[in-house]
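Here's the structure we're looking at; comments come further down.
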Amino acid sequence: MGGNMSRVVKAPTGNKMVCKGWLQEAAYRMIQNNLDPVIAEHPENLVVYGGIGKAARNWESFDKILEALKELENDETLLVQSGKPIGILKTHEDAPRVLLANSNLVPKWATWEHFNELDKKGLMMYGQMTAGSWIYIGTQGIIQGTYESFVEAGRQHFGGNLTGRVILTAGLGGMGGAQPLAGVFAGACVLAVEIDPTRIQKRLETKYVDEVATDLDDALARIKKYTAAGEAKSIALQGNMATVIHQLIEKNFTPDLLTDQTSAHDPLVGYIPEGYTVETAKTFREQDQKAYLKAAYDSMAKHVRGMLAMKDRGAVTFDYGNNLRARAQEAGVENAFDYPGFVPAFIRPLFCKGSGPFRWVALSGDPNDIKVTDDAMRKLFPHKKDLLRWLDMAEERIAFQGLPARICWLEYGERAKAGLMFNQLVAEGKVKAPIVIGRDHLDCGSVASPNRETEAMKDGSDAVSDWALLNALVNTACGATWVSLHHGGGVGMGYSQHAGQVIVADGTEKAARRLERVLTADPAMGVFRHLDAGYELAHDIAKERGVRSLWL
């Protein structure tokens, strides 16, 4: 990858700008925040998370992006193509300051093979979801969605209570690292298997995992002790899940909940085959890509066979959106899709309400600014008990990574309310600098991903990606600060298209108008999408909240 080992990137903080406006300054700080070593998985290679999800195509492009943002006027827009800055256009003050298109390929050519060829030539970059769109906030970014999934699983299968229950999972990377803490927040014990010891160490340091077991017997003894006491604890175990899951079956261990967040979306760089360490896998990959891919696919097949066996033994089993089932099916596991994805199982009712991951970042770098926003959120939504519980636990347990940030799931109507309130806090000087508001591309109306967010849609429209494109167009029209349109995030090349928006609350009247437009229209796309697919809940929400569908 030609990494730059000596270079350490961190976002500037404070209320002094180096750019010509706070909107440009926000993008300038957030791309650098994505590469802060406490956030990024491999910052020396510009890799933020998710296998090879990058913030910029190469170091030259990264430097040019920073230079361009410093020069950018308040009525200009920077264009970025797969992590490479292309040019600056005169637009207008309410237009986005940056428009990004990452990893997009014509469908017939949308394969890892073709992408890898282009990547080798320096013509492409994998943007994942929030890596190439500059709004990754570390593992907290996914944690509330994971928490919501576990809590909903508890509601559906365990009478609303996960106390004394065990969640078994694998993968402690940028996304998967949220699982142990989310499980503990939901009241369960978590056993998380991870092949890379540096990732385990990182999660331990940031308090996302409580303990590390020395071996499988030690892990099981700890789990037994904590579940008997009704204590919620998370334990990491170094190992390969393709091996460990079968050892657990031999030991007659069946968890209550079973899922996986290894980097199966990228079989070449993300998933480590059975029998290899991170180092030996790297050598193997460099020596023989074809043989490596076969080994990875064989391991994924074995991994999924173990999951299916545990499902048959009573474990509530679901896919966590990394495309593991599809890989296993390609490797010969015909019934790999016998267990559902997490969205149809637990998240879709939230999507019907225009609910999704609303995140905000304090550009000042001062953690107290997030404390101020947390308190303001409590006053704004006193009736949302799960949200209040989440804010309390997040304050207590979540270590900030890079610029201080918070995430929570908010519905249609609530997002605009929160955005305007943040803008007011900036205007009144209650926070020390503007606030950046964004979200994951995993949202109610911004993604087409038939093996994840749009799996098993009621009307069979799983693969229709017009909605993601419309979402990007709508957010551009409404004046988001930067808008991104990506391909392949979460599940890999050929399997998804998705859009993101980021908007800055700088305390001005103009910002208030933009915030109201963007934070209303963005979740409205989710209500439209699900209403169109025939979901009654989306129909009811549209009627109740005045969403102007032409099909009510």
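Even glycines carry a Cβ here, placed using N, Cα and C.
The following features are taken from Swiss-Prot:
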ACT_SITE  Cys408  active site
BINDING   50-51, Gln128, 174-176, Glu194, Arg199, 261-265, 271-272, Tyr320, Gly490  NAD(+) binding site
List the same-chain residues at least 6 positions away in sequence whose Cβ sits under 8 Å from the Cβ of Thr262 (NAD(+) binding site), in sequence order, or say none. Ala170, Gly171, Gly173, Gly176, Met241, Gly270, Tyr271, His303, Asn322, Leu324
How many other Cβ atoms are found within 10 Å of the Cβ atom of Gly174 (NAD(+) binding site), counting all protein chains shown? 28
Sequence gap of 6 or more, Cβ distance under 8 Å: name the residues on the same chain that satisfy this around the residue listed as 'active site', in order along the sequence. Gln144, Phe358, Met377, Leu387, Trp390, Leu391
Just counting, how many other CB atoms are there within 10 A of the CB of Gly50 (NAD(+) binding site)? 28
Counting every protein chain present, what is the number of Cβ atoms, excluding its own, within 10 Å of the Cβ of Tyr320 (NAD(+) binding site)? 25
Tell me which residues of the chain lie with their Cβ under 8 angstroms from that of Glu194 (NAD(+) binding site), as long as they are six or more apart in sequence? Ala170, Gly171, Leu172, Gly176, Ile200, Ala236, Leu237, Gln238, Gly239
For His265 (NAD(+) binding site), the number of neighbouring Cβ atoms whose distance to its own Cβ is within 10 Å equals 30
